[in-house]
Amino acid sequence: MIRTENLTKVYNGKPAVDGLDLEVGEGEIFGFLGPNGAGKSTTILMLTGMIEPTGGRCFVDGIEVADDPLSVKKIIGYLPEDVGFYGNMTGEQNLDYFARFYGMDAKERKERIAELLELVHLDGVAQKAGEYSRGMKQRLGLAQALINDPKVLFLDEPTANLDPEGVREYRELVMHLAGEGKTIFVSSHILSEVREVCRTVGLLAKGKLAAQGTLEEVARALAPADGDAVRIVVETREHLPAIEDPAIIDIERNGNRAVVRAKDDIRDRLAASLFEQGLHVREMRLEEPEIEDVFMAAYRR
Amino acid sequence: MALDRLFNVARKEFSDHITSRRFIIILGLLLVISTISIYDGIENYNNSLEAYTEQLRYMEEFDDPYTSWMPQKPSIMYVFISMMSYMTMLGGILAIAIGFDLVSKEKETRSLKSLLSHPVYRDEIINGKALGGIGALGFAMALALAIAIAMLLIFSIVPTAEEFAAILVFGAVSLGFLLAYFAVALTMSTAAKESGNALIYTLVIFFAVSSLLPMFGAMAADAFAGDPPEAPEIPPMPTPVGRSVTATASGGSFVSTSSQEVVYGGTQDPAWREYEEEMQTYIEKRRLISDISNLLSPQMNYYTVAIAVTNPQLSSMIASPYDTATEEPAGLAGALGKVWMNIAALIVFPSAFFAATYVKFMRMDIR
């Protein structure tokens with residue numbers, strides 16, 4: 001549904017997005033991760049036809065965006081980061097203004113707007129958009145992104161201004177929209193947020209795609225190269241004696257606890273050895289790197 | 001560019017303008033002052049008409065009808081002369097007020113990004129904004145003219161077809177002037193990141209072209225034309241044949257002076273004949289330089305064209321101070337023909353700024 005080929009955007013001689021090759025399938029909830037300034041918003045602006053790439057191409061539903069941005073805009077919805085509205089108009093008037101660009105007749109507009117305002121809990125709000133809180137604006141932003149019932153939804157830092165209740169509602173809404181078969185592209189620098197809703201992710205760092213796949217695949221791909229070594233955490237009730245095994249590379253000891261780095265998984269042999277020595281094993285497990293740690297390391301690279 | 005999308009933007013912009021507090025306050029002020037000055041103008045017109053009738057009756061009484069000198073019937077267009085000065089000040093402010101944050105505010109509130117994410121081209125947005133602004137200024141102008149005409153009718157002054165045409169032309173010229181500053185404000189709004197800066201840049205241009213430019217024009221004219229020729233020592237018997245008219249504008253008021261004291265004719269003295277020719281060349285040279293610089297000033301162009309509409313005879317005298325051949329009163333079309341360069345300048349000035357706005361907006365970084 002979304003595809004980029006060597007997509008590049010250069011600002012003042014500096015690449016903001018550098019040869020990005022990305023593919024997001026239909027109906028996916030894709031998390032676009034990366035630290036601030038990695039090029040996420042620039043990528044979205046190119047995908048939504050709001051800026052032209054310096055090089056490469058991008059496609060949405062098979063349409064090359066730079067060639068026909070209007071056709072792309074008709075099938076997508078976009079919630080910008082720090083979304084803005086016309087402060088002198090109500091939420092309903094703002095939505096009505098945007099809806100007119102889709103050739104919807106008055107009845108259609110009225111029904112759709114009422115439905116969306118109810119969806120984002122802004123129905124019955126008579127205030128002008130200029131008086132909205134940031135959270136209300138974010139919710140209205142979501143409504144404006146859905147005004148044309150889009151096939152693809154781009155959400156840029158969607159939970160940035162939401163309170164916990166708003167975040168929970170947003171997650172439910174995203175799941176609901178994904179259930180309708182929409183492709184959802186969520187850009188965020190908050191891993192926990194993406195983790196909650198996204199099935200696949202791409203990690204962007206310094207304008208380049210560092211990894212793409214499921215969270216586990218990406219974490220594995222980004223994990224620091226440690227040969228084939230495994231880390232085994234061992235904890236016994238008694239003080240841990242010396243452990244010997246030809247596969248052991250090194251051991252970090254801490255009283256009755258140790259992290260054993262070995263060439264392969266020697267948990268069976270270790271358990272047998274400790275049992276023979278009359279020790280009571282409280283814990284023995286393989287230590288997987290924390291996804292957060294892996295991503296943080298990738299951000300810093 | 002699709003018209004429905006263009007009109008959607010224009011409709012919203014027009015509605016924003018005419019419902020904005022800023023627009024309503026300035027328009028209200030404009031209309032109040034307009035009403036007062038039209039009322040004054042009507043009084044002056046009635047007085048002139050009374051004097052004219054008196055003159056005719058006097059001539060009939062003495063059985064000397066129309067033989068040597070014919071008094072001129074006052075035109076109702078005199079009523080509109082007073083509109084010129086406040087139009088350049090309040091009208092200019094109104095035009096700037098609706099244009100200076102048209103784009104910059106959208107950048108500040110980030111609504112432009114939301115708008116651009118929907119199926120609409122950038123040119124449709126900027127053209128729609130321009131159209132909405134033009135519509136609002138046209139609405140203001142139409143309202144001012146409607147009040148003026150209503151007041152004329154209330155005071156039982158019914159314009160003739162030609163006078164009605166002149167009123168419409170005056171309205172169009174005034175609108176052209178307003179568009180000049182609206183275009184400047186729109187350009188600055190597109191170029192500046194913040195509305196405050198856009199307003200300052202616009203005001204700088206406003207004062208530069210309304211006050212500084214005519215002043216520099218006069219200084220340049222003095223510098224390039226050099227010193228005026230020296231008059232011969234022996235005084236001639238003066239026979240005035242020509243008129244020297246100077247027009248200057250300052251601080252939103254227009255002062256026109258018509259005099260017959262510079263050019264003399266009829267003398268046989270070769271020294272005086274030479275002096276007359278040199279003086280004529282000198283004045284024309286000065287005039288040419290200041291006219292060229294004045295073409296860049298919407299105010300000066302507006303004054304020139306508006307005078308041609310409201311007082312074609314004065315306009316003819318300003319345009320051809322040495323032309324004594326035609327004594328027939330100049331018509332509206334004839335007077336407008338003589339100021340075609342100013343009319344063209346009134347069209348070119350906003351067009352140039354609209355073009356600059358267009359280019360800047362199309363290339364604007366919307367990150």
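Keep in mind that glycine also has a Cβ here, set from the backbone N, Cα and C atoms.
What TrEMBL says about a protein is an automatic prediction, not a curated fact.
Within its own chain, the transmembrane segment (B:21-39) has Cβ neighbours under 8 Å at 79-80, 82-83, 86, 90-91, 93-94, 97-98, 136, 140, 143-144, 147-148, 151-152, counting only residues six or more beyond its boundaries. What TrEMBL lists as transmembrane segment is B:21-39 (among others).
Counting only same-chain residues 6+ beyond the ends of the transmembrane segment (B:76-103), those with a CB under 8 A from a CB of the stretch are 13, 17, 20, 22-23, 26-27, 29-30, 33-34, 37-38, 40-42, 44-45, 48, 112, 126, 129, 133, 136-137, 140, 144, 148, 152, 157, 159, 163, 166-167, 170, 174, 177-186, 188-190, 195, 198-199, 202-203, 206, 210, 252-254, 299, 302-303, 306-307, 309-311, 361. Positions annotated as transmembrane segment by TrEMBL: B:76-103 (among others).
Summarising the annotation, TrEMBL assigns transmembrane segment to B:131-158 (among others). Within the chain carrying the transmembrane segment (B:131-158), a Cβ under 8 angstroms from the stretch's Cβ atoms is held by residues 6-7, 9-14, 16-18, 23, 27, 30-31, 34-35, 38-39, 42, 45-46, 76, 79-80, 83, 91, 94-95, 98-99, 102, 167-168, 170-171, 174-175, 178-179, 182, 186, all 6 or more beyond its ends.
Proximity of distant same-chain residues to the transmembrane segment (B:164-186), defined by a Cβ-Cβ separation under 8 Å and at least 6 residues beyond the stretch ends, is recorded for 77, 80, 83, 87-88, 91-92, 94-96, 98-100, 102-103, 129-130, 133-134, 137-138, 140-142, 144-145, 148-149, 198-199, 202, 205-206, 298-299, 301-302, 305-306, 309-310, 332, 336, 343, 346-347, 349-354, 357. The transmembrane segment annotation in TrEMBL covers B:164-186 (among others).
TrEMBL lists B:198-221 (among others) with the feature transmembrane segment. Counting same-chain residues at least six beyond the ends of the transmembrane segment (B:198-221), those with a Cβ under 8 angstroms from any Cβ of the stretch are 88, 92, 96, 99-101, 104, 181, 184-185, 188-189, 191-192, 248-252, 285-287, 289-290, 292-294, 296-300.
The transmembrane segment annotation in TrEMBL covers B:339-359 (among others).
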